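According to TrEMBL, the active site annotation covers SER314. According to TrEMBL, the feature Mn(2+) binding site maps to GLU275, ASP479, HIS480. What TrEMBL records for HIS430 is substrate binding site. Annotation source TrEMBL lists domain 'Sulfatase N-terminal' at 267-532. Residues or ranges marked as transmembrane segment in TrEMBL: 12-34, 54-74, 86-109, 129-150, 171-189.
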Amino acid sequence: MKRFIYSFLRAYLFWLVFFAFFRTLFIIVNQSFIEDTPITVLLASYWPGLRMDMSFAGYLMLLVIVFQLFLLPLKKDFCYRCFKWVYYILIPIFVGLLLGDINLFRYWAGHLNKEAISFLKTPDIIFDSIHLGEAILFFVLCVVFSWLWIFLFNKVVIKTAFQSKFNQKQIAVNWLYTLLLGAFMIVPIRGSFSVAPINTGVAYFSGYLFANNAAVNPLWNLAYSMKRNAINDGGYSFMDDQKAQERFNNLMHQSGKFPKILNTDKPNIVVILLESFSAQAIKKLGGQNVTPNLNTLMKEGIFFSNLYSASFRSDYGIVGVLTGYPGIPGYSVMQYPEKSRHLNFIPQKLKKAGYKDLNFLYGGDMTFKNMKSLIVLAGFDSITSIEDFPAKYRGKKWGVHDQYTFEKLLNLLENSNNPSFSFFFTLSSHEPFDVPMERVINDDYLNSVYYTDHCLGIFFDQVKKRGLWDNTLFILVADHGVVGPEKLGYTNARRYHIPMLWTGGAVAVKDTVIETVASQVDLAATLLNQLNIDASDFKFSKNILDESVNGFAFVHYPDGFGFIDSNVFQMYNKNNFSVQVMSGAKTKEDSLKAKVWMQIIAKDFKERLSNEWK
């Protein structure tokens, strides 16, 4: 039994060293996020990190305890073999997950969570988002590090086992020792002697976001986020439902009075959803000057300068724009047709109002995140995707490059019956940002945005030449922001800052900027009101142009949610509801705004499977 206890303790220490190693690797690989974080704060991240490591390692050792209890009556060497093989299986799995987390952070500025793991259902999407060299390096490192840590495990933890069986007395004594070891693990698992157990809040020990992220144990965070999602299923309660509804109604109050900015009630409408067009790439929003054609178009329409995406990924962005539905942290409604079928859709509204041809165009795979079901439910008459283009037009990764899909859009517009509605989702500015042109800008992301903007310029030149400009409203809006060259994390408001432009001959107002804080989900109510179509059933969408509108945006990411208006920016962790960011006014009323929205939207999301929705 002594041999087992020594091996048990060595195994526990083994995991702590294992996690510390990958924490160091995380900091080294993602050092571009360090910015002004002092080295002393980075070093300090190892302490709260150790607490999370000890907790996760404690769970692993409980697994060993369970094995030991069942295997004690058997030969000692068999016990040790089982002990070894548990580790031989876990080590490669954990190495793969931790290396994946390190690379994921470069793209999302966030750790592994339920959302990230959901991509394992579609591995082709993962490989389409990274370069071949990255994939090869990942697998090589997985093999090398797995071999290294298994080698160290054998050297440090495993010792030669006895061949004999335990006698009955030994079994009873050893069971007692084993149970005591298991009980001892409760302390590091809970992380403290207090009533409240450890949670992700322990990692937020400083005012430096990267240091806090370095402290997080990715495996602990993954397990915790999946557990919280399973428990909550989107349920959040901060106050009585009636009070929450009253506060929500006050936030959404509108007078019904707004200026008409269109010169016709039934223009042709084209919505262009710009993949990953962040404020970082828009000069007018304080970003780089890489969209000269979009800049020119701003003079021919209305630019919304304080618009924010609902979340951080395309499956939230397309839902937000098409349905005015913001979604909740950790759950993409697009992946749940049984829920999304109850949403209201702009195309359905337009069809009832007399719009004839409703076209959807995307150069990628419509199976991505169950997009096909959403688009079918939306009521589009025609759907064009990657299968409708020659193979020679396809890029190496995601699908057909924007220059070819813009050409297809021109043909659709020319052959559509008026009034028509077309929705085009661009693609080329998605990771890994491969575009079919000579490099103009060193940064991959900015270079891809420049390419799409170039395609945009050619498209609008043709629109005007072919007589498609005069009676058409073009709405250009991004699906979400990005980490980008500014290395923006989830809790940075600028991560969600995106452009929206209304232009075309149907727009009566030119060279105008609307500074009201708004969300991409507000496009639905704003557009439908301009067309004299009732939008009251889009309960989470408001008319940005209404005279008494409260300008704000609700945003969320896998592990949290936030609220942005002209005076306040708040971010809350969804697991323990701790404050991640609180800037601007800090009144009690302000602190409830994000929570009110979170409670109402979560209740709505959950009820979409209740009897009243069926």
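These residue numbers are counts, starting from 1, taken along the chain as shown.
Glycine too: its Cβ is placed from the backbone N, Cα and C atoms.
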Per DSSP, SER314 (active site) is which: helix, strand or coil?
-> helix
Give the sequence-ordered set of same-chain residues, not counting GLU275, ASP479, HIS480, with Cβ within 8 Å of the centre of the Cβ atoms defining the Mn(2+) site.
-> LEU273, LEU274, SER276, PHE277, SER309, ARG313, SER314, GLY317, ILE318, HIS430, ALA478, ILE498
Pairwise CA distance, the residue listed as 'active site' versus HIS430 (substrate binding site), rounded so that it is a whole Å = 10
Looking at the binding-site residues HIS430, HIS480, which one has the fewest other Cβ atoms within 10 Å of its own Cβ?
-> HIS430
The rounded CA-CA distance in Å from GLU275 (Mn(2+) binding site) to the residue listed as 'substrate binding site' is 6
Taking just the CA atoms, what is the gap between HIS480 (Mn(2+) binding site) and HIS430 (substrate binding site) in Å?
-> 11
Cα of the residue listed as 'substrate binding site' to Cα of ASP479 (Mn(2+) binding site), in Å and rounded, measures 11
Take the transmembrane segment (12-34) and find every residue of the same chain, 6 or more past its ends, with a Cβ under 8 Å from one of its Cβ atoms.
-> 42, 45-46, 49-50, 53-54, 56-58, 60-61, 94, 98-99, 101-103, 105-106, 109, 149, 152-153, 156-157, 210, 213-215, 217, 487, 489
Sort HIS430 (substrate binding site) into helix, strand or coil using the DSSP assignment.
-> coil
Neighbour-count leader, CB within 10 A, binding-site residues: GLU275, ASP479 = ASP479
Counting across all protein chains, other CB atoms within 10 angstroms of the CB of SER314 (active site) number 23
The domain 'Sulfatase N-terminal' (267-532): mean pLDDT?
-> 94
Reduce the DSSP letter at GLU275 (Mn(2+) binding site) to three states and note it down.
-> coil
